[in-house]
Amino acid sequence: MTATRVLVLNSGSSSLKYQLLDMARPSPTTLTGAATPRSDTDSSRLASGIVERIGEAGGVADHSAALKQVADELSSQSLGLDSPELAAVGHRVVHGGTRFTEPTLITDEVVSEIEKLVPLAPLHNPANVTGIKVARELRPDLPQVAVFDTAFHSGMPEAAARYAIDRATADRYGVRRYGFHGTSHAYVSRATAALLGKEPSEVNVIVLHLGNGASASAVRGGVCVDTSMGLTPLEGLVMGTRSGDIDPAVVFHLARVAGLGVDDIDDLLNKRSGLVGLCGDNDMREIGRRIAEDDADAQLAFDVYVHRLRKYVGAYSAVLGRVDAIAFTAGVGENSAAVREAALIGLEPLGIEIDAVRNAVRGSAARLVSTRTSRVAVAVVPTDEELEIAQQAYSLVRP
Ligand SMILES: Nc1ncnc2c1ncn2[C@@H]1O[C@H](COP(=O)(O)OP(=O)(O)O)[C@@H](O)[C@H]1O
Ligand SMILES: CC(=O)OP(=O)(O)O
Ligand SMILES: [Mg+2]
């Protein structure tokens, strides 16, 4: 029997998503070719699930406990990690630094390199390492593949990847823009091309990945040329709990005037800022409910979020010159018609015409929400980081 199944572990800062896929069965997308949107009826997906609120009240204690829960759920469906049909485990790893720009077979040395990158992604890489260690303990014989969030952005031009700071200091300490959510930006930019009936090489796309973490990217002909996250996943858009762009002098000011330490400021900007910092809620659904009741704090949070998003749409329109499509993805991008409309309304001079009626229709498939006359196609394109990771992992181990 040939082993053709891949288990994918996608550890976020407070969640663990998993999927078990059979790569021998038809899947609607291919690694390099055209992609069509994925539905729940795909025969390739054997199991999937999510453990949420890790480390929070009402959730499991930590990522080890979450993994144990996933292993138990799979075993109860006779799909456990002990299955001889497993070909590999694919792990999402958020930060790959400058070294990891391709899917990588995991060895002890690779694990220790990923651990060295923890200071650059303190909310994410530790969880990724835990997942790798637990899975390797359970199945030491099985190939385990790391797929990096940073990889898709690793070819960004120097003009976009460099910060304008002293070069020697930057080079010595690896201070440059890496970018994240790369598997999602790669998958969604390809799926957007497919939705337009084009090859990825033919289209320029702005991808707006709006989840709890959020980032924008400018993709020219299938290649990422700029993205909003930088050295860490803190730069760029306003997020659920992260500030995104601020004047770096805010940090000095808070240290000198408010007497805050570096760790306090790190915690403030990563965990107590963004939507939650502005209005106390980080879930866009709750913010929508509060706005409907005329809550001024929720309205302000929404307005700041959308203003930043519009700025990036404008910036990346200029970076790309010609924009063929803008694609909204991840939890907020796929579900919040209000965010999509507020971000793009009034941008007709840029050739962007969102259609309020089409935009308001709910759906789970990739779809266009622009007017028929819009020069720039506006699309909602569900992301599938797990499928992308599975395909990249399988490409390394397939017989
Ligand atoms: N129906 C909805 N309307 C508006 N926002 C939603 C909806 N469903 C989910 N979201 C938003 O999506 C976020 C989670 O997105 P997701 O892509 O799953 O994030 P992550 O992978 O970072 O955990 C939630 O915090 C919430 O703000
Ligand atoms: C990199 C990042 O921000 O990931 P997530 O959105 O899963 O927190
Ligand atoms: Mg995510």
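Backbone N, Cα and C atoms are what each Cβ position is placed from, and that goes for glycine too.
Remember, TrEMBL labels are computer predictions, not curated facts.
What TrEMBL records for this protein:
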type	residues	note
ACT_SITE	D149	active site, proton donor/acceptor
BINDING	N10, E385	Mg(2+) binding site
BINDING	K17, H209, L210, G211, N212, G213, D283, M284, R285, G331, V332, G333, E334, N335	ATP binding site
BINDING	R92	substrate binding site
SITE	H181	site 'Transition state stabilizer'
SITE	R242	site 'Transition state stabilizer'
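Around L210 (ATP binding site), the C-beta neighbours below 8 angstroms that are at least 6 residues distant in the chain are L237, L309, F328, T329, A330, G331, V332, G333, S336, V339. In sequence order, N335 make up the list of same-chain residues 6 or more apart from R285 (ATP binding site) whose Cβ falls under 8 Å from its Cβ.
Around R242 (site 'Transition state stabilizer'), the same-chain residues at least 6 positions away in sequence with a Cβ under 8 Å from its Cβ are G213, P233, L234, L269, N270, K271, S273, G274.
Proximity of the recorded positions (D149, N212, D283, R285, V332) to ligand 1: a Cβ under 6 Å from the molecule is found for N212, D283, R285, V332. Residues K17, H209, L210, G211, N212, G213, D283, M284, R285, G331, V332, G333, E334, N335, recorded as binding ATP, reach a greatest CA to CA spacing of 20 Å. Checking the binding-site residues K17, L210, N212, E385 against ligand 2, the ones whose Cβ sits under 6 Å from it are N212. Secondary structure at R242 (site 'Transition state stabilizer'), taken from DSSP and collapsed to helix, strand or coil, is coil.
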